[in-house]
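Marked as signal peptide by TrEMBL: 1-18. Annotated region 'Disordered' per TrEMBL: 180-199, in sequence order. Summarising the annotation, TrEMBL assigns compositional bias 'Pro residues' to 184-196. Under the heading active site, nucleophile, TrEMBL lists T210. TrEMBL lists R238, V239, G240, D241, T261, G262, T263, G264 with the feature substrate binding site.
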Amino acid sequence: MRSLLALALLALAACATAPEPAPRWSLVVHGGAGVIERASLTPELEAQYRAAMQRALTTGGAILDRGGSSLDAVEAIIHEMEDDPLFNAGRGAVFTAQGRNELDASIMDGRTRAAGAVAGLTTIRHPISAARAVMERSRHVMLIGEGAETFARSHNLETVDPSYFFTERRWQQLEQNLRASNLPVPPRPAGAPPAPRAELSYPDDHQFGTVGVVALDTHGNIAAGTSTGGTTAKRWGRVGDAPIIGAGTYAQNGVCGVSATGTGEFFIRVGVARDICARMQFNRESAQEAADHVIAEVGATTGTDGVAGDGGVIVLDGRGNVAWAMNSPGMYRASQSAGGAPVVQIFADEE
Ligand code: ASP
């Protein structure tokens, strides 16, 4: 009887200390952070964003569920988001002060810590695929401008006329931004549709909409990717954090995957993505603790105008646990793990 009791106690203790089984796969997606408030997002636009985030989970979940790679899931989701004019990536990207779309992207393979990045693309339909080509088919990590375009063309990536990326919404945001700073408004780009007769009003006149994905596949491999048009009215070849490995994107098997969104200058200065991973690896912080710490650091950093950094991150740990953090009023975000329910959220206070 006594030994039976001892056995039962042992079994109980084993149950209490057994770690949670890791999900077979896990996925987290963002569609940009910024001043996204209930009062300024119409119900129609909110529904469109929620549907787009759900589509991202469905696309990535299908790939991961059939044993596909995290790299393929990241690339496939970002393809769809680059084609979706709702997001500031690919079609629907924000404009530079010269009235151009200059696209940046990066991707990282946590298995080997191989990485690829592109900046300042103007004719490549899917910048994330150009970043993947840099990672897999060159000896380099980052290519920019003309050279990056030539490289992408030589690897047969799909090209489009620059007007493909044009959307009226982003053009009007550029006009408003330039007028507010007393800068000249450039002519509408060649190939853009004629200006609408009445000025359209878009409630969310901030430049959010960068996209990012982190995935863990059934083979235990983590990948992360980020794609953006950058910030409205950027000048002088400005490049943000999205294509900077260690700032906007990072992945390391067994440790972390991170994609960031926000005012890129601060994310570069804080070294956001790599710092989150280092905290998880060396300080044994959870994904949530590391994300919260580093976003607090972004918020404690100011620019030459005294304004503090803002934005958010999505994170997976090595076992596929999801975390996100932001110091902006909202971030389009979604997550799902094998066998679990999808989660889609927009506003910072959503649980
Ligand atoms: N981080 C991007 C950049 O600075 C912009 C964004 O996430 O909205 O280029």
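A Cβ is built for glycine as well, from the same backbone N, Cα and C atoms used for every other residue.
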TODO: State the Cα to Cα distance, in Å, between V239 (substrate binding site) and the residue listed as 'active site, nucleophile', rounded to an integer.
DONE: 13
Task: Candidates near ligand 1 among the binding-site residues V239, G240, T261, judged by a Cβ under 6 angstroms - done: G240, T261
- [ ] Write down the Cα-Cα distance for the residue listed as 'active site, nucleophile' and G262 (substrate binding site), rounded and given in Å.
- [x] 8
Open item on the list: Please report the Cα separation of T210 (active site, nucleophile) and G264 (substrate binding site) in Å, rounded to an integer.
Closed with: 11
Task: Maximum Cα-Cα separation (Å), residues R238, V239, G240, D241, T261, G262, T263, G264 listed as binding substrate - done: 16
TODO: State the three-class DSSP label for G264 (substrate binding site), counting H, G and I as helix, E and B as strand, and everything else as coil.
DONE: helix
- [ ] Using a 10 Å cut-off, grab the number of neighbouring Cβ atoms around the Cβ of G240 (substrate binding site), all chains included.
- [x] 26
Task: Packing count at D241 (substrate binding site) (other Cβ atoms within 10 Å of its Cβ) - done: 31
